[in-house]
Structures are given as structure tokens and as C-alpha cells.
Amino acid sequence: MAWRFKASKYKNAAPIVPKAEACVREICVGSYQTYGNNIAASAAFMAFNWEHTGSSVAVLPLDDCGRKSKTMPLLHGHTDTVTDLKFSPFHDGLLATASQDCLVKIWHIPEKGLEQSLSDPEAVFSHKQRRVETVGFHPTADGLMYSTAAGCVALFDLSTQKEIFSNNEHPEVIQSASWREDGSVLATSCKDKCVRIFDPRATTGSPIQMTAESHQSIKDSRVVWLGNQTRILTTGFDAARLRQVIIRDIRNFGIPEKTLELDCSTGVLMPLFDADTNMLFLAGKGDTTINYLEVTDKDPYFIEGLRHTGEQTKGACLVPKRALKVMEAEVNRVLQLTSNMVIPIMYQVPRKTYRDFHADLYPETMGYKTELVAGEWLNGSNQAVPKMSLDPAKREHGDEPIIPRLGPKPFSSTSGDVSFDKVFAVPLAPGSHENISSVGQDNSSGGGLEIIPTEGGPKPDLIVNIEIKARAPPPAAATGNGVQVSLTTSERRKIFEQNSESSGNSTEGEERVDGNLQRATSTRSSIAERRRLYESRSKSQVDEKAQSPVPLRREHSKVEPLKVNSLQPLQGNNAIDPKRISVPEGKLMEEHRRGNGSASALGLKKSATEATFTKRTSTVFGKVSKFRHLKGTPGHKSTHIENLRNLSRQIPGECNGFHANQERVAVPLSGPGGKIAIFELSRPGRLMDGVIPSLVNGSNIMDFQWDPFDAQRLAVACDDGIVKLWHIDAGGLSEPTNTPAGELTAHLDKIYFIRFHPLAADVLLTASYDMTIKLWDLVTLSEKCSLSGHTDQIFDFAWSPCGRLGATVCKDGKIRVYNPRKSETPIREGNGPVGSRGARITWALDGQYIVCTGFDKVSERQISVYNAQKLAAPLNTASLDVSPSILIPFYDEDSSTLFVTGKGDSTIYCYEITDEEPYICPLSHHRCTSLHQGLSFLTKNHCDVASVEFSKAYRLTNTTIEPLSFTVPRIKSELFQDDLFPPTRITWSATLSAEDWFASNDKAAPKISLKPEGMETLSSIQQGPVAAKKSEHQFGGQKSDYEINKQQEIQKSVSARMEFTTKLEQDDMEGVDENEWQE
């Protein structure tokens, strides 16, 4: 029994709280109802939820401190609260976030931290309409991630773009999960009051190996595996709501080994366990204390240490051991997240001196390098992570902190598309012709390339160290003992370029042995090797201009002809999709397939040169958009209309609730009488207190809209079936009025909405509760057409850009297209949103596509794109979040930009609609500082094109009306950006009259240029240098084919014989001793 009296080395570990100056201060953190810890840390960074909604994540360096601005860079990756976040144990810059928006996203944090806000993750995984609760990484296998949603446990292999395991056998929500240190099994705690041992690799039977009853309360329960022991620890509540801590041994799983009851507090206990020291920290959400316990193998199992009392806890996490200050006897560090601070609490063991390294306090800990990958682990391989020593004397850099393992980006993406093939596609190296012959064959299904590494080959590690070895290393690159010295990036690039040139001189069919990068070998075909080759070849190009739509090429690769015979093996079943090959190889292959394979070398060279300057709209990482980085800027406060009051909240969902034109805005007011206030945009400022001049309609307002061709006429639809036409004087309203300029008795029942025709004057459409749609001539106030065919409530109607067709979306889940002047029944019909809460519809891309916003079965908001000729199923659907407000679309046809937002939202979501997959491309979303009640866009002629403003809107909040400008950042903003502003259709004046339109005398709307007078265009400036180069080329005269081929052969032979050396002249110079500088 002597062990009972043996003193622990960590018994007196004391929490040391730094001063406020050493903490991260003035941050904004809310209270989140999640199963996560709300904060995570790696050896380089810390990440935590930001603001009260928690949909954004702040990422800071681990040793950061001081006040933080509310405008600091963030991760804007989710549309709902982030429920959990974890860093990879093997890559300190790899962060996984899970959210209530049913998505898991992977982020790569740059080495210097966030210098600007990020909204595009490196990868996105979806949980199919289920809120994601927890997320994390495997402790021994690199690139293996797990996540839980409801009762589902899913495993994802990041390197093969696949979900490799999924199980739904948990009957309730999984509240917590924890891997054993060796990564063999997983422990889960569930809302059904049970804890389970889970083996995803079980070959027979259920993956759930053991089940036992745990805490007898449905409140949050957490589980953590006690290192590599056979014991797990859980925290939760008993039936009397007392907080409990239970230890179980899986060898006797049904009976708890130890149960510790604490207190009756309501805070959920977050267990933080260090397997090296057996130190356990219990931090309760909402508590002001953090308990420290030491876990033992025998009774009493828990030895209580010093308790920390301080700020109220919102979240907590442990810092990895390799980031600790071991020379100060820091054995653990807890990051405490409060409502406005991040406090690093250092647990220090008192010692007489801190000059020496106390090896007894620091056993070898888990390292950060592993040879095990997800595929090997799933096939049954168990390989422990090599341990590392924390002794500075055994480190490479001594007392300096261990360098975090960040590395290059493991994968890259420029679009937010949830497409694994697009996100994880590893491209060929640009300019490397020999790579064409080493691409794997297409799948039998015609999908993406399937690459299976062979045994002994390089493993698809997420972070790869680029090592390119020359065929004959120069003497300066090797030491006397034969060990090769590490080369710089520029030297490696030169070696690679030299090897690429030399390969062009080799005979056909000759294989070039080049270290690990041999052609047509299994090692070259692995994902990691292809990524290495691409990064080493194009790193300088991608880093300098990552968003450039023009592929940059080196001179020798730009003019080097491609051998015709080298393309022959690609015929037949081994043909490669040219979309997967970088320009100009793809174009050369297309020409060869069309029968141009016998073209001369000059013809191929000319084709390659022309392809270099060909503008492309997409890259291997996704679509390149000119509007990708659009920026929304609110107008100056002097342009706001302030002190709004008594805004109506009872407007039906089919009404946008706010409408503006270039002169004035219309806003519904609360109270009886159906009042609409009219505010003049020419008179901004604070409104006077008192009665607001308004239009009194006498009945409840259902919808209202300005005449697009008359800024003084407003049409208002009421619940009595009457449409009232109001005429506003030039000076605006001076007093309330109840006398409209005209009335139209449209229906005998309530009206859903009204719509003016986009081209014809005095044509109005009304939709009613009687499920009919009528078209009216406002000149004669007579009915001209009536449309039928709807079986339920009509949500919305939209005119096509040509003005001939109209599309509706209905509560019966159908989308219908009408030609009103030819048929009263729909000419086409298809399936629309399945949700019955509301929907909107609009046309896109000159009427070729239809965009519909609505809800799915679980009330998640979504955007769908349809082919206007084929409405059976959407081409693509993008899901946003779960919210009760209907997404209202606003489409700009010149830029093909779709703005969507809802009443009560604070974010305006921006997308580009394209005629190729994925059809919906996310752009930079605009986040407002407050919630808005409505949004209304102006016509194109009111945009300030001199400031590169391509869209302008007015935004209604609870108390203000403010202008909002959407611009595109450009360097040469003094020029007219004719690539952003094509000739636009005139939609602010009528193209034809109502009589002509009803008589089917259609006429297309004329187009005008928005270019201001005296402003030069961007294209005219860019064409100048090109023309100058052409003239110089012509002056020098044209060379014959023989001269060009001869010149290339001479250049290659000279390059092959040139001696390569990395030795510089100053390497032989005698340097200055370090001591002489100090003297």
C-alpha cells in the first residue's frame, strides 16, 4: 500500500494566469448551444467562434495577444453556427469546422496567419440535410477525418476525395466522440444515455462492439479516451442533475470503475485530458472555475489539484505539448475562451531552478509525423505515431520553439462548389509534355481519374516536401560524404527546367530516369507525386497571380513543338479528356484527334503560341469569374434616410416589402388603413418626428410596385381584390392622401402579387387567391388575358427578358412556363421546390435558364437552376441554411450575377449563373452590419461605371434606408472597363406600347453603351503593346520552316551541353567571423 503515499510530480502544478496585456482581448463571443468546445489550438494557431451567431471563426497565432478589432480577418465559411472545430495533429495549419448548415469544411491557414478574410474552403463535405455535431481527425492516420451528425458516424479520406465509412446505428444524437490513442477504436456518447465502443473496421456484424448505460440525463455528455489505456472517461449529469465523472474499463464495460459526483451546476463539463501526465481539467460552460484532477490506475482514481477561479468560461482546449515552454516547467496550458477574452492559463510545476530541463516532468510525447494513411488504416494496418522528446538539447534548434509543421497547401480550390472531383483534382504540371503519356486511364463509368498507389511507392501524404533530384548532381550540391545538400526552390526549378529540355532531345520511346519522378511509373502516377510535380512547376506562377485567367508559360515551353508520335498511345480507350489537360496541350490534342496529327512542327508551334494568349474562363481548380471579388459598400451616412418608425411587419411573404426607383422609395407602415410611406431620395437625412406623409389605401396591402417606365406611378394591390394606381407629384408627398389616380377591380378575392411588364408600357399582371393570373391594359383598365392551370397558391411570377414568356412557381411544387398571348395553359411544366413555405423565380442568361429559390423538406433554403426548355429536374441545387425567411432573388443580366437575401437576414449572397457546370458559382458574399427588411435594385443606367460600380441597390433596415454599391476591384479604374460593362438593354424606358404587345408586335429592347464621354476603354489600352510587338516581328521578316527548326535544334543541343552548377562566386570568398561583428 506504499503507492498510496507516493507523492505525484504534478500534484502541486499551479495555474498561472497572465496579465490582461498578455491575453487576447476585446473579442466578440456568444453563447452557443453546441456539443463542441468552441475553441481549438495547434502548435501554431488558435481558432474560436466569433460573434453571437457563431457562423464565423477567428484564427490567431498561438502566442498572439492584445486588443482585437471587430474588422479583423475571419473565416466566413458557414451560414449557421459552427458547432465544432479541430486542428489536424499532423498539420498545424489544417483546420476542420463543422456547422449547423450540414457542412464540414477544411481550411488551410497560411504560415503568417490570416491576412485577409477567407470564404473559400479547401474542401467541403456534406451530411445530407443533417446538422453536424462533432468533427475531428484520426490520431495516427494522416488525412483521415471523422464527423458525426444526428446518429451517423462518417469517416472521410481527404486524399482520395471519398467518404470511406458511414454508420447510422446510433438511435439518438451523438454528443461526443473520442479515439483511442492507437487509433484502433472510437468511443461515443449518445443522447439515449448510453456510451458505446465503435470499430469502423469491423468485418463481421455491427461496428458497435460494446454498449453500456451511462449518465441518466439527456443533457450533454462528453467522452474522452484515457490515452492508450483500456479505460474511458465520461462527464455528464445523473437523474438528479448532479454533475458526474465516470471511469469505465472496456474489459468490464457494463460496470463503472469509478463514479465521482461533483455539484448541481448546470454547466456542461468539458474534459481535457493529457495522456502524458494523466492530468485532467474539467471546465464547465458558464462556470468561473476550472478543476484540475490527476487520474490514477487505482483507488481513489482521482487526486484533486489546485483549482483555478477566474472569468466565466465559454470554451476551453489544451495546447499541444510541443508548444509548451518546457524550460519554465510548463506541463500544460489551457486556453480559456470567455465572452471577450482568450486567456492562456499555464500550469507550472514549482522547482528550485528553471535553468535545466526537467526530464522527469516531460516523458516522450506523440510526434507530428506519421507514415500511416487513411487507406492503409482502413485495410487493417495499425501503426503507432513515433514519439518525440521535448528536451531542447535533443532538438534541432535547441531552446527555440519547435517549428510548426505547416507546409504548402495540401489542396487548392477557387470555388465553393461542393464537388469532390473539382476540389481534389490534381492537375498535370503545366508545360510538361511528357506527363500526357503518364496519365491514368479513365474509369469505366467515365468519371474522374482513378489512381491507385502501388506498394512501396510514395504515400499520398497531405503535405509533401518537394524534392527534385538531378540526374547528375553537380559537385557543389553534395558534400564529401555523399550526402546531398538541400537545394533552394529556385535551384530546384532550374534543375527541373533543364531536365525538361533534355527530355525533348531524347529519341521517341526512350524513357528518362529522373529520381522518383520517372515517366510511366507507378510512383509518378500517385496523387502525391502529381501534386509535387505541379507545385514545383507552377508555384511561382500561382503565387504571383493566383486568380489570373490567362495561363502563364515559360518561353521555351511556349514555343517547343509537341511530338506527333507521342500522342499515338492516347488514342482509343486511353484517350484523355482535354478539359483535364492544361493549355495548350489540350488544344494540341484536339487538333490531333481531328486529323491534324500530320501538321508540321511550325503549325503546332503556332497553335501553341496562339493558345498561350487565349483567355480561359475556367481552370483546373474551378471557374474564374471577373466578379469573384465583388465588394459591397454602403453609402456615406449623409446619403441615408434615418429615423424610420412604425414599419409594417405584416406584409405577406409574396411581397418583397420594399421597392425603390431612381427618385423615391415606398415603405409600408404598420397600423390600420394600409399605409405606404413615400420618401424622396433627393432629400436624405433624419426624418422629422410626427406623422409621416403616406398613401392611405383603406385595405390591407398585399403587394406594391413602381412602374418601371414612370417613376411617379405606384401600383398597390389590396386584400379586397382592387389595384390602386397612385401618382406622386414631383416634390413628393406633403401630407397623407387617400385619393388614388385610378382603381382597377382585378379579382373578387385577395391578390397575391402584381408585376409590370419589363418592355411594354401600361401592361400589368395580377395573381389572386382564386388561382388565376390576369393581364391588364392600364390605358383602358380592361382585362386582356387570363392564365389558369395552378392547383394551389401561386408564389411568384417572372417575365422572361424578351417579354414573351412568363414563369410561375406554385405551392403544389411545380414550375410552369406560359406564353400568355397564345395559350392560357402552361406550355411547359416541371418539378420545383418541395417546401411549401414560399418560393421565388427569375430568368437568367437571356432566358435560357430559370433560377428558383425555395425550401426543401427540412426547411433548408436552396437555389436551383433549370434549363428553361427542360424543367423535369434542376441542373444544380445549392443549399444555404435553415431560416424561415424566403430568399428573394435579384438578377443582373449583364454580369450574370445573382443576389439573394431574405427579410431579417444580414448577408446578401452573391452567385454567378453560368451555362456550364456547376451552373451556380459562389462569389464574395456581402455581410451587412445590421439586419435588413428589404432590398431593391436600380436599373443599370444609374450605376457609376467610372467607379467600376456594376450594380446599385437601396437597403431597408429597421430605422434607415441606405444605398449599397457593388463594385469590382480594378487597378486601372480610370479606364472604362468594357469587359465588365457590355452594351446593356434599355429597361428604364418602354420599348413598345400595350396595344402593340397585345397585338403580338414584338420588338427587342435596344442596347446602349454605358461608356462615359471622353473615357478610354481598357481593351484599347491592352491592344496597343500587342500591335507594337506584331509590327516589330513583321519588320524583321518571316523565317522559313527550315530556319526555325534548325534554330530550335541548336538551342537544345547547346542547353544540353552546358554545365549546370549552383555554386556562386561569393561562396569562395572568405567571410567575416561572427566575433568581429560584435567587436
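Backbone N, Cα and C atoms are what each Cβ position is placed from, and that goes for glycine too.
Because TrEMBL annotations are produced automatically, they should be read as predictions rather than curated entries.
Per TrEMBL, the feature compositional bias 'Polar residues' maps to 435-444, 565-574. The compositional bias 'Basic and acidic residues' feature in TrEMBL is assigned to 527-561. As annotated by TrEMBL, domain 'DUF1899' applies to 4-66, 620-685. Among the features that TrEMBL reports, region 'Disordered' is placed at 435-458, 495-580. Sequence annotations record features per position, and here TrEMBL assigns repeat 'WD' to 75-117, 167-199, 744-778, 787-828.
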### Tertiary contacts of the repeat 'WD' (167-199), as residues 6+ beyond its ends and Cβ separation under 8 Å
35, 133-134, 136, 138-141, 146, 148, 150-154, 206-218, 220-225, 227-228, 232, 234, 236, 248, 250, 253, 275, 366, 377, 382, 384
### Query
What does DSSP give as the helix, strand and coil breakdown of the repeat 'WD' (75-117)?
0 helix, 19 strand, 24 coil
#### Entry: Intrachain neighbours beyond the repeat 'WD' (787-828), with Cβ under 8 angstroms and 6 or more residues off its ends
654, 752-753, 755, 757-760, 765, 767, 769, 771-775, 834, 836, 838-843, 846-847, 850, 852, 854, 866, 868-869, 871, 893, 985, 991, 997-998, 1000, 1002, 1004
### Query
What does DSSP give as the helix, strand and coil breakdown of the repeat 'WD' (744-778)?
0 helix, 20 strand, 15 coil
### Message
Considering every residue in the domain 'DUF1899' (620-685), what is the mean pLDDT value?
### Response
87
### Task
Count up the helix, strand and coil residues in the domain 'DUF1899' (4-66) according to DSSP, in that order.
5 helix, 23 strand, 35 coil
